[in-house]
Amino acid sequence: MSERTAKYNSEEIAGIRRSCAAAASILQELVAYAKPGVNPLQIDEIARARIRDAGVEPAFLGYEHFPAVLCTSVNNIVVHGVPNEHPFRDGDLLGLDFGVVLDGWYSDVAVTIPIGRVGTETQRLLDVTREALDFGIAQAKPGNRVGDISAAIQRHVEAASFQVIRELVGHGVGRQLHEPPQIPNFGKPGTGPELTEGMVIAIEPITSLSSPHVRLAADGFSYETTDGSLAAHFEHTIVITSRGSQILTAVDT
Ligand code: MG
């Protein structure tokens with residue numbers, strides 16, 4: 001695998017677009033099942049069924065030995081949570097991260113949702129992190145650099161007195177799940193690789209209420225905040241176009 005950032009042509013982007021549409025559509029359906037009393041393994045089972053129905057393959061199953069098709073990250077688990085049998089409780093935060101492979105093309109998309117009713121501060125973390133994704137995407141255009149995306153995300157999150165996680169980054173995506181360049185959620189405008197038409201990247205602000213750092217949890221897959229604080233994560237796969245960018249994992253609601 002080359003370390004060079006891939007630039008995709010229109011036919012290739014059409015393939016990635018189909019993969020992204022399938023992933024986003026399945027994820028949207030999974031969100032509707034996440035309720036108090038349901039457990040993460042049940043959501044993973046539904047995801048497996050929808051993958052079969054759609055005629056696609058899971059992108060995460062087996063990736064670095066990950067045992068599920070879906071990451072379910074609850075509360076202080078930041079990303080890469082392994083689906084288990086612990087039922088969701090009212091007030092939990094649930095991160096769902098999902099991707100598929102279609103005709104060899106990868107997709108990657110994530111949301112964080114409240115289970116039942118969450119507190120005001122928790123809801124604000126969700127709102128700010130989702131807004132940070134929008135601000136990051138707004139900087140994704142030809143001539144800008146990766147640091148413009150990173151800085152926009154960091155500025156919005158820190159203005160709300162929350163933290164961006166330093167150890168986890170966005171990435172290129174297409175022929176592989178993770179390709180260059182890395183897209184950190186902190187940085188300086190005008191620095192880093194230049195963004196050019198045809199690049200496909202996953203932008204994913206990953207935040208917490210109070211800790212900028214994570215550590216690997218006991219299961220060997222999931223990352224948890226070092227201070228136990230709640231975390232949020234939103235992600236879209238986008239393509240850089242001649243005029244700006246287009247979100248490939250958007251869903252009609
Ligand atoms: Mg990703």
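Cβ atoms are placed via backbone N, Cα and C, with glycine included.
These features come from TrEMBL:
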DOMAIN    15-241  domain 'Peptidase M24'
BINDING   H80, H178  substrate binding site
BINDING   D97, D108, E235  divalent metal cation 1 binding site
BINDING   D108, H171, E204, E235  divalent metal cation 2 binding site
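Structure with TrEMBL features highlighted.
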residue: H80; record: substrate binding site; Cβ neighbours (10 Å): 25
residue: D97; record: divalent metal cation 1 binding site; Cβ neighbours (10 Å): 22
residue: D108; record: divalent metal cation 1 binding site; Cβ neighbours (10 Å): 27
residue: H171; record: divalent metal cation 2 binding site; Cβ neighbours (10 Å): 19
residue: H178; record: substrate binding site; Cβ neighbours (10 Å): 16
residue: E204; record: divalent metal cation 2 binding site; Cβ neighbours (10 Å): 26
residue: E235; record: divalent metal cation 1 binding site; Cβ neighbours (10 Å): 24
Worksheet entry | 10 Å Cα neighbourhood of H80 (substrate binding site): matching binding-site residues from D97, D108, H171, E204, E235 | D97
Worksheet item: Under a threshold of 6 Å between Cβ and any atom of ligand 1, which of the binding-site residues H80, D97, H178, E204 are retained?
Response: E204
Item to complete: For H178 (substrate binding site), just give me the three-state DSSP call.
Response: coil
Worksheet item: In whole Å, how far is E235 (divalent metal cation 1 binding site) from H171 (divalent metal cation 2 binding site) when you measure between their Cα atoms?
Response: 11
Worksheet item: Could you state the CA-to-CA distance between E204 (divalent metal cation 2 binding site) and E235 (divalent metal cation 1 binding site) to the nearest Å?
Response: 4
Practice prompt. Rounded to the nearest Å, what's the C-alpha distance separating D108 (divalent metal cation 1 binding site) and H178 (substrate binding site)? Just drop the number here, would you?
Written response: 9
Item to complete: Between E235 (divalent metal cation 1 binding site) and H178 (substrate binding site), find the distance joining the two CA atoms and give it rounded to the nearest Å.
Response: 14
Worksheet, complete the sentence: Not counting D108, H171, E204, E235, residues with a CB within 8 A of the CB centroid of the divalent metal cation 2 site are D97, V109, A110, G170, V173, I183, A202, I203, H236, T237
